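Working notes, structure below.
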Amino acid sequence: MASTTTPTTASPEEIARFQAMADAWWDAEGDFKPLHQLNPPRLAFLRDHLAEHFSRDATAPRPFEGLSLLDVGCGGGLLSEPMARLGFAVTAIDAGEKNIGVARLHAEQGGLDIDYRCATPETLDRQFDVVMTMEVIEHVPDADAFLSAVGDRLKPGGAFFGATLNRTPQSFALAIVGAEYILRWLPRGTHDWRKFVRPSEFAAALRRVGIAPKSFEGVRYAPLRERWERCASLEVNYAVYGVRAG
Amino acid sequence: MKEDIRIDVLIVGGGLIGGPLAVALASAGISVAVVDSENPNLAVDQAFDGRASAIALAPQRALAAIGLWPAIAPSAAAIEQIRVSDGHSPLFLHYDHQAIGDEPFGWIVENRAIRKAIRDRLAELPRVRIFAPARLTSLERQAGGVVAHLADGTRFSAALVVAADGRASPTREGAGIGVTKWAYDQTAIVCTVAHSRSHRNTAHEHFLPAGPFAILPLPGNRSSVVWTEKSHLAPAILKQDDDAFLAELSSRFGDFLGDIAIEGPRFSYPLSLQFANAYSAHRLVLVGDAAHGMHPVAGQGMNMGLRDVAALAEVLVDAKRLGLDLGHGSVLARYARWRRFDNLLMLGLTDALVRLFSNERPALRVARDFGLAAVNRAGPLKRFFMRHAMGLVGELPRLLKGQAL
C-alpha cells in the first residue's frame, strides 16, 4: 500500500493517534482492555441480528458460512477475527497502515484467513452481504460522506451495523472524564466529545444513504461483575442495525 | 510425519473432572482432544480407585444436563439424611432433606462408576479424540495458539490447553504456577463395607479425636467408609490382617447397621490442602484438583471440580458462539474470576472444620458441641448451610441450574 496517499475520510491526526497504540491491540490487560471488554455485548448484538437477518442458527459452529462481510475501520481486527470464526468471508479495511500490519500478523498467527487492506471504503469496488463500522464514525471528519461511501459497499437487502458514542452529559462524564482522565483506560485526546453522534442523527444519516435503521441497543458497565452488558439505554455507547433498501 | 490434529481445546487429564469437561464442550460444538496418562480400561477397576465421591444437587444437575447422569444413576445412592456427631457427646446435628424440598442433598457414587460413564460417553461423541494412555512430550503456549506433541509425533494445535491432571499437575508445574499447600498430618483410609441392615440413605459424619470418620451410603446394603487417622498410625492399621482390620474398623463404625464385612481392597491417601496461586496463564487454565485440593471432611472435592467444569464450559461456549479466541486473556479472566473466590471460600470452610474438630481441648469440645446443637435448632442458619452444601448458593452457571449450555 502506497504510504503517500492520504485517505480522504480519516484525518491524519486520528490515524497517527491510533497508530501510537497499535502494538497493544491484543493485550487483554493492555491499553485496549476496554475494547476487549466491550466486545462480548457488541458481538452478541451483531450475532443475534445477523442470525435473524439471514435465518441462521446462532448456536451452530460457523453459522454464517457462505456470506461476505466488510469491516470498515477494523483496527487490530478485534471484531474482524470473531466474524471470521463465525463463518463470514471477511474483508477488513483500516486507514492506519500499522493497524493493518498488526491485524494481518495476528490473524496469521491464529490461522485465520482474513482479507486485510489498508484502504478506505470508497476505494473498494465490490459489495458485501454485511457492512459494519464500529466505533469509527466519531473519528471521521465528515460523517455523511463516510456513511455514503460505507453504504455503497452494501448489497441491496444487506445488513448494516454501526456503533458510536452518544453526545450526552453522561458520555462526556464517562468517555472523556472517566475513561481518559480518571481511569486512564484511553490516552487523553482519543475522543472529541463534539464529534459524538446522537442516535437520531445516526438514524437520519443512514436514511439519507438508503439504509433503514431497525434496532438500537446500548451497553453499560457493570462494575461488580467487571464487564459490559447490553442495555436499552443509549445514553453512552450504542450500536445500530439497519437494512439497505432493495 | 504423524497426524496433525487441530482442535479448539486440548485437555490434559481425562479423569473425573477432565472427562465431564470434554463431554460438556464436545456436546456444545467445541472440538476437543483429551490426553490422559492412564489406560481408560484399567481406570474403571475397583483396584485402581476404590474411593466414592459425594455429588451435591447442583453438580448432579450439571451431570444430567451433559448426558452423563443416566449411566451413573444406577450406581448412585441418594443422601436423604445427614447426622453429624462429635465423639461420644449426646449432642448432634441432624439434617433432613425434607426441610428444604423433595430432592436429596446429593448422592454418593463410586468413582469407578463415574469413570466408566465418562469413558462410554466420550466414545459416542464425534467432536472428541481420546489419546490414552499417552503423555505430552512437548507443550508450547505460543502467541497465536497452543502446540503440543505426543511421543509418536502426533501434533496438536489448539486455542487453549486445560490442566485437569490432578493435584501434582505436571501441566501446572510446567507453566510455573506455584501452589500454596499444607499437610494435615492425617491420612484417609478408604474402603467399602457391606452391612446386614439398611443405611436408610443416611450419611454419618462422626468426629473422632484423630479426625472425621464418615459412613456414606452406596446402593444396596453397602457403604463407603472414609476413616481419617493420624498419619503416623495409619501404616500400622493398613498392615493388619483382615480380621484385625475389621475389628479396628468396627470399634469406630459401631453396630447400628448390623454385621459388617469389608468388600474389596483398602486404600489410603495422605490429606492436605492446596491451592494454585493463579487459575490461568497465557492460553492455559486449571480445573479441579490441579487448581485446588481439600480435606474430604465436607465431601466437596468433586463438587468444586464440577463447579469449575460448569463455569469453564459456559465461558468457553459463550466465547465460541461470539467468535472469540478461546485462549484470549479476557475469556480466561472471566473463568478465573468466577471460580477463585468460591473455591477459596470452600477451602477455608473445610480447613476450619478440620481444625475445629480434630482437636481434643475440653473447652473447644464443649463449645463446638453447643455450636452443633445451636445450629441444629436455628432453622434459617441450618437451611443456609444445607443449601450451600447442595451447591445452590452464589451466581450459578447454566449447567448447575440443570440448563443446557
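Please read every residue number as a count from 1 along the shown chain.
From the backbone N, Cα and C atoms, a Cβ is placed for every residue, glycine too.
Since this is a predicted model, take the numbers as computed values, not measurements.
As annotated by TrEMBL, S-adenosyl-L-methionine binding site applies to A:R42, A:G73, A:D94, A:M134.
Cβ-based neighbour count (10 Å, all protein chains) for A:D94 (S-adenosyl-L-methionine binding site) stands at 30. Residues A:R42, A:G73, A:D94, A:M134, recorded as contacting S-adenosyl-L-methionine, have a largest CA-CA distance of 19 Å. In this structure, A:D94 (S-adenosyl-L-methionine binding site) is part of a beta strand by DSSP.
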